[in-house]
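Working notes for the structure below.
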Amino acid sequence: MHGDLRTAFKSGKTRSLAFRKEQLLQLCYLLEDNHERFAQAFRIDLGRPSEESELVELTGTLTELKDAYDNVEKWASPEKAPFSWLWFAMSPRTRKEPKGTVLIIGPFNYPVYLIFCPLAAAIAAGNTVLLKPSELCEATALLITELLPQYLDPEIVSVVNGGVHETTKVLELPFDHILYTGNGHVGRIICAAAAKHLTPVTLEVRPDLYTRDTGKTPCVIDPECDMKTAAKRLMWGKLLNGGQVCLSPDYVLVPATSQDAFISALKAAYYELHPVNPRKSGLMARMVNTRHTMRVKRLLDDSRATIVIGGEVDIEACYVAPTILRDVARDDAFMSEEIFGPILPVIPVKDVDEAIAFINEGDRPLSIYIFSSNASFKAKVIDNTQSGTVLINDTITQILVHGLPFGGIGPSGHGYTTGKYAFDQFTHLRAVADSPNWSVSHLSPTATRRPDVPRVNPWTGLTPHCCLRGTHRTWCVTYS
């Protein structure tokens with residue numbers, strides 16, 4: 001499989017932009033033709049409502065695929081180097097070339113969006129691709145395995161299924177790029193395996209066994225914000241996909257004097273979103289498996305925080321009730337390990353300065369959410385923290401905004417996974433310059449290639465030499 005992909009790449013068939021566009025169009029057809037089947041697979045794997053799957057996964061994925069189809073010629077076009085009198089004769093330019101055969105390893109929480117978006121970018125860049133869907137979403141993985149050969153050229157895209165053993169074997173093979181979305185522990189294993197072949201890696205990771213070494217996504221609340229709107233948008237983002245979203249708000253930092261008011265707003269927002277118990281209504285995704293359900297139950301059992309609503313867990317049904325916690329201590333169980341479930345801890349702080357200090361005690365998160373209409377408040381949080389993304393007065397939706405890069409920083413990842421930015425991850429920027437024979441004696445500052453001969457341009461009578469201007473080294477010219 002791996003050898004066939006490398007052979008197909010070396011054949012040159014993926015170099016054609018027309019071929020790439022054809023494959024991208026087929027990928028769009030795959031998704032459009034099988035909307036219902038994918039929604040059903042998501043319900044089997046995650047218990048996710050079809051309406052939610054349509055809104056946050058299928059529509060978003062199709063938008064990314066169409067964007068790649070519409071822009072592949074622009075993305076792949078060579079770029080001229082900035083004009084220079086010294087080098088213009090060499091027509092310096094940068095070619096956008098595919099890297100080769102790439103590996104994409106997807107997560108369980110969004111098993112189509114987070115594998116098809118980088119797949120589209122890799123195809124647009126002209127690579128051959130080996131896909132590894134998450135084994136935790138078996139129905140979705142099997143559907144992808146069934147459909148891809150029906151729509152795409154099987155010589156350029158292949159799928160491998162399996163768990164840890166199979167993935168370990170795959171990582172022993174040489175790839176030209178690896179993109180992984182998942183938890184930080186596995187990300188480190190992948191980077192170690194890639195290092196043996198000096199393979200570049202793109203990571204979008206969430207913390208695994210959080211120990212204040214890796215950032216959890218915080219929400220910073222301005223006491224003067226519109227609390228009703230903030231609470232509704234925050235609860236929507238927290239409960240999306242049952243809390244199993246890499247961008248899910250992990251905890252809330254609110255001034256202690258405003259905690260009661262904000263807790264009341266959160267409760268009202270929850271009952272507005274779910275007037276019927278979601279366990280009965282089926283309008284919230286379940287935990288992906290019993291192991292993850294037991295993990296969240298252990299956190300609840302170990303927590304010393306006050307439960308405002310929720311707290312119920314059914315391990316066999318993989319159900320965790322939406323839960324709000326108040327007066328959460330900094331050393332609470334929910335702050336010592338990732339949540340990745342529908343539980344929202346609220347931490348009282350003195351003011352925004354203490355909130356910023358708390359965020360900076362840990363490492364850089366994938367995102368920071370700020371709820372405020374005050375420009376100074378927003379600027380203060382942004383200017384004094386670091387994160388992969390920032391979203392103001394909403395949650396989650398930044399990943400869907402067309403044209404924005406999506407990726408982490410430090411332990412939350414590096415590189416980008418969607419759009420033009422993902423295309424660049426899978427692209428080699430190849431510098432090309434063509435020095436014509438006639439330029440050797442006339443224009444080049446190295447024309448004579450001899451240190452004892454003055455480099456006088458016979459057309460201009462000028463002698464170029466290297467000098468310093470300020471802190472920059474540059475080429476200067478003087479009359480000979």
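Glycine is no exception: its Cβ is also placed from the backbone N, Cα and C atoms.
Features reported for this protein in TrEMBL:
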DOMAIN    7-432  domain 'Aldehyde dehydrogenase'
ACT_SITE  Glu204  active site
ACT_SITE  Cys246  active site
Going by C-beta under 8 A and a gap of 6 or more residues, the same-chain neighbours of Glu204 (active site) are Leu114, Tyr180, Thr181, Cys246, Leu366, Phe406, Gly407, Gly408, Ser412, Gly413, Gly415, Thr417
Over the domain 'Aldehyde dehydrogenase' (7-432), what is the model's mean pLDDT? 94
Around the C-beta of Cys246 (active site), how many further C-beta atoms are within 10 angstroms, looking at every protein chain? 26
Three-state secondary structure, which DSSP defines for Cys246 (active site): coil
